[in-house]
C-alpha cells in the first residue's frame with residue numbers, strides 16, 4: 001500500500017510535466033485576453049490625451065443647455081468623476097465574480113460580460129451626437145464593471161486550462177494584453193489620429209470591437225475542465241475539453257489530480273467570501289493576496305498612467321512632445337511584460353515579485369530626489385524645462401519613470417493574479433478572486449482620487465509614500481509568499497497548510513483532511529476509497 005501511495009505521489013509530482021503549448025490553448029489565451037484584458041488597459045488611458053477636447057465638450061454642452069459657462073469647480077468635479085468612475089465600476093464588477101463564474105462558468109461569464117462593453121461603446125461613441133456628457137460618465141461605470149469582471153475571470157480561466165509547467169507564462173498573457181491596450185489607446189489618442197475635437201467619440205467607441213470579436217469566436221472554445229469536473233460533476237465533458245486543449249487523448253493524470261482536489265474539498269463545499277475570510281486553513285493565502293493586490297495598486301502605478309503627461313512635463317519635457325514620450329513608455333511596458341511571459345517559468349514567481357517591487361521602490365526614491373533638485377516650490381510638480389538647475393535631472397526623472405514601469409511590468413502587475421489562481425483550490429478560487437479583485441479596484445479608485453491631492457500637498461514627496469508601500473510589500477513577500485512554479489494546486493495547498501497550521505494528507509489510498517473547528521483544534525476527517 002505504501003509503495004502504491006508513493007507511486008501515486010510521484011504521478012502527482014510529474015503531472016503536467018509533458019504539457020505543451022498547443023494551437024488551441026494559444027488561441028483560447030489570445031482570444032480571451034484580447035477580447036477582455038485588452039479593454040481594461042485601453043480604458044485606463046484612453047481619456048488621457050483627448051481630455052482637453054472632452055472637457056471643452058462638457059463646457060459647450062452645459063452652455064447650450066443653460067446659457068452660461070460651466071463653473072470651473074463643477075467642471076473639475078465632472079472630470080474627476082469621468083476618471084474615477086472606471087475603477088469604481090471595476091469594484092462593482094469584482095463583486096459579481098463569485099456568483100457569475102459559479103453559475104455561468106468561466107467562458108460563459110466572459111461571453112455575458114461582452115454585453116457590458118458593447119453597450120458602453122455604443123453610448124460613448126454617440127455621446128457627442130446626443131450632446132450629453134452624463135452618458136460618458138455612466139458608460140465609464142459600465143466599462144469599469146466590464147473590466148472588473150474581465151480582470152478576474154480571464155486569469156482564473158487561463159490558469160485553470162493551463163498545464164502546470166505553462167501556468168505562469170499563460171497567466172501573464174492577460175497583463176500583456178492590458179499593456180497592449182494601454183499602448184494602442186496612447187497611439188490612437190495622438191492629436192494627429194483621434195485625440196482631437198472630432199475624433200474622441202470614435203476613440204471611445206472603438207472599445208466595443210474586441211468584445212464583438214470575442215463574442216463571435218469564444219463559443220467555439222472549451223470551458224474550463226476543472227469547472228466542468230469539480231463544480232458541474234461532468235467528467236466526460238471535462239475529459240473531452242482537456243483532450244482538445246492538450247492535443248492528445250491520455251489525460252488520465254490530470255483528471256486524477258482534479259478528482260483528488262475534488263475529494264479534498266467535498267466536505268467544505270463552495271466557499272463564500274464570508275466563509276473564506278473566517279476559514280483558518282486559507283488564512284495566509286487570503287492575507288497574501290490582499291497584501292499583493294494592495295501593493296500592486298498603492299505603489300502608484302495608476303497615478304503614473306492617469307497623470308503621465310503631467311509627470312513628464314514636471315520632468316522638463318516640452319509639452320508638444322509629452323504625448324510621444326508617453327507612447328514610448330507604453331511600448332516599453334509592452335516589451336517588458338512580453339519578457340515576463342518568457343521568464344516567469346524559468347525564474348519563478350517570487351523572484352519576479354521581489355525584483356519588480358524592488359525596482360519600483362528604488363525608482364520612487366530616486367524620482368523624489370530628482371524632482372526636488374529642480375527649482376520651484378517643493379510642493380509643486382509643475383516645473384518647466386527652463387527652471388531646472390541641474391540639466392540632467394529631468395532626464396534622470398524620466399529614467400526613474402521608465403525603471404518604475406519596467407518593475408511593474410515584470411512582477412508587480414502580472415504575478416499577483418497568477419498567485420491567486422495558484423494559491424487557492426477550485427472551491428475557494430472564485431471567492432478569492434472576488435476579494436483580490438475588490439481590493440485591486442478599491443485601491444485603484446483610491447489612488448486615482450487622491451493622487452492630485454497628494455501632489456498638491458506633498459509635491460515630489462508623494463512618491464516616498466509609494467516607495468514605502470513597495471518596501472513593505474517586498475518584506476512581506478520575502479518572508480511569507482512561497483514559490484509556486486511548476487507545482488500542482490494540491491502541492492501548493494500542502495505547502496500553505498503548514499503555514500496555516502493545518503494538516504492535509506493524501507496518501508495510503510486514503511484522504512485525511514484535518515480541518516479546524518471553532519476551538520482551534522484540528523478535527524480529523526477520514527474517507528476511505530470505498531466511500532469515495
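Backbone N, Cα and C atoms are what each Cβ position is placed from, and that goes for glycine too.
Not measured: the values here are computed from a predicted model.
Here TrEMBL flags 21-42 (among others) as transmembrane segment.
For 29-485, the entry in TrEMBL reads domain 'Major facilitator superfamily (MFS) profile'.
Remote same-chain residues near the transmembrane segment (77-98) are listed as 43-44, 47, 51, 54-55, 58, 70, 109, 133, 136-137, 140-153, 272-273, 302, 306, 430-431, 433-434, 437-438, 440-442, 444-445, 448-449 (criterion: CB distance under 8 Å, separation of at least six residues from the stretch ends). Annotation source TrEMBL lists transmembrane segment at 77-98 (among others).
Using a Cβ-Cβ cut-off under 8 Å and counting only residues 6 or more beyond its ends in the same chain, the transmembrane segment (110-130) has close neighbours at 32, 35-36, 39, 57, 100, 104, 136, 138-140, 142-143, 145-146, 149-150, 153-154, 157, 200-202, 204-212, 214-215, 218-219. Annotated transmembrane segment per TrEMBL: 110-130 (among others), in sequence order.
Below 8 angstroms of C-beta separation, residues 28-29, 32-33, 36-37, 39-40, 43, 54, 78, 81-82, 85-97, 100-101, 106-107, 109-110, 113, 116-117, 119-121, 123-124, 127, 170-171, 173-174, 178, 204, 207, 211, 224, 417-418, 420-421, 429-430, 433-434, 436-437, 440-441 of the same chain, each at least six residues beyond the ends of the transmembrane segment (136-158), sit close to that stretch. Look at TrEMBL and you will find 136-158 (among others) tagged as transmembrane segment.
Under the heading transmembrane segment, TrEMBL lists 170-194 (among others). Among residues of the same chain six or more beyond the transmembrane segment (170-194), those with a C-beta under 8 A of the stretch's C-beta atoms are 25, 29-30, 32-34, 36-46, 48-50, 151, 154-155, 158-159, 162, 200, 202-203, 206, 305, 323-324, 326-327, 330-331, 333-334, 337-338, 340-341, 344, 409, 413-415, 417-418, 421.
Feature annotation from TrEMBL assigns transmembrane segment to 200-221 (among others).
Residues or ranges marked as transmembrane segment by TrEMBL: 286-308 (among others).
The transmembrane segment annotation in TrEMBL covers 324-344 (among others). Listed by sequence, the residues of this chain that lie at least six past the ends of the transmembrane segment (324-344) yet keep a Cβ under 8 A from its Cβ atoms are 45, 48, 168-169, 171-173, 175-176, 179-180, 182-183, 186-187, 190, 308-309, 312, 317, 352, 398, 401-402, 405-406, 408-411, 413-415, 418, 485.
Remote same-chain partners of the transmembrane segment (351-375), defined as residues 6 or more beyond its termini with a Cβ less than 8 Å from a stretch Cβ, comprise 292, 295, 299-300, 314-316, 340, 343-344, 381, 383, 387-390, 393-394, 396-397, 400-401, 403-404, 406-413, 415-416, 459-461, 463-464, 466-467, 470-471, 473-474, 477-478, 481. Annotated transmembrane segment per TrEMBL: 351-375 (among others), in sequence order.
When Cβ-Cβ distances below 8 Å are used as the criterion, the transmembrane segment (395-419) is approached by residues 151-152, 155, 159, 167-168, 171-172, 174-176, 178-179, 288-289, 292-293, 295-296, 299, 301, 304, 311-312, 314-317, 325, 329, 332-333, 336-337, 339-340, 343-344, 349, 352-360, 362-364, 366-367, 370-371, 436, 470, 481, 484 of the same chain, each at least six residues removed from its ends. If you look up TrEMBL, you'll see 395-419 (among others) marked as transmembrane segment.
Taken from TrEMBL, the feature transmembrane segment covers 431-454 (among others). Residues 80, 83-84, 87-88, 90-91, 93-95, 97-98, 101, 144, 148, 151-153, 155-156, 271-273, 275-277, 282, 285-286, 289-290, 293-294, 296-298, 300, 302-303, 306-307, 416-417, 420, 423-424, 462, 465 of the same chain lie 6 or more positions beyond the ends of the transmembrane segment (431-454) yet place their CB under 8 Å from a CB of it.
According to TrEMBL, the feature transmembrane segment maps to 460-481 (among others). Sequence-distant contacts of the transmembrane segment (460-481) (same chain, at least 6 residues past either end, Cβ-Cβ under 8 Å): 284, 287-288, 291-292, 294-295, 298-300, 303, 349-350, 353-354, 357-358, 360-361, 364-365, 367-368, 371-372, 378, 381, 412, 419, 451, 454, 499.
Taken from TrEMBL, the feature region 'Disordered' applies to 510-532.
Taken from TrEMBL, the feature compositional bias 'Basic and acidic residues' covers 522-532.
Distant neighbours of the transmembrane segment (200-221): 24, 27-28, 31-32, 34-36, 38-39, 42-43, 46-47, 50, 53-54, 57, 107, 110-111, 114, 117-118, 120-122, 124-129, 136, 139, 143, 146, 185, 188-189, 194; these residues of the same chain sit at least 6 beyond its ends, with a Cβ under 8 Å from one of its Cβ atoms. Averaged across the domain 'Major facilitator superfamily (MFS) profile' (29-485), pLDDT in this predicted model comes to 87.
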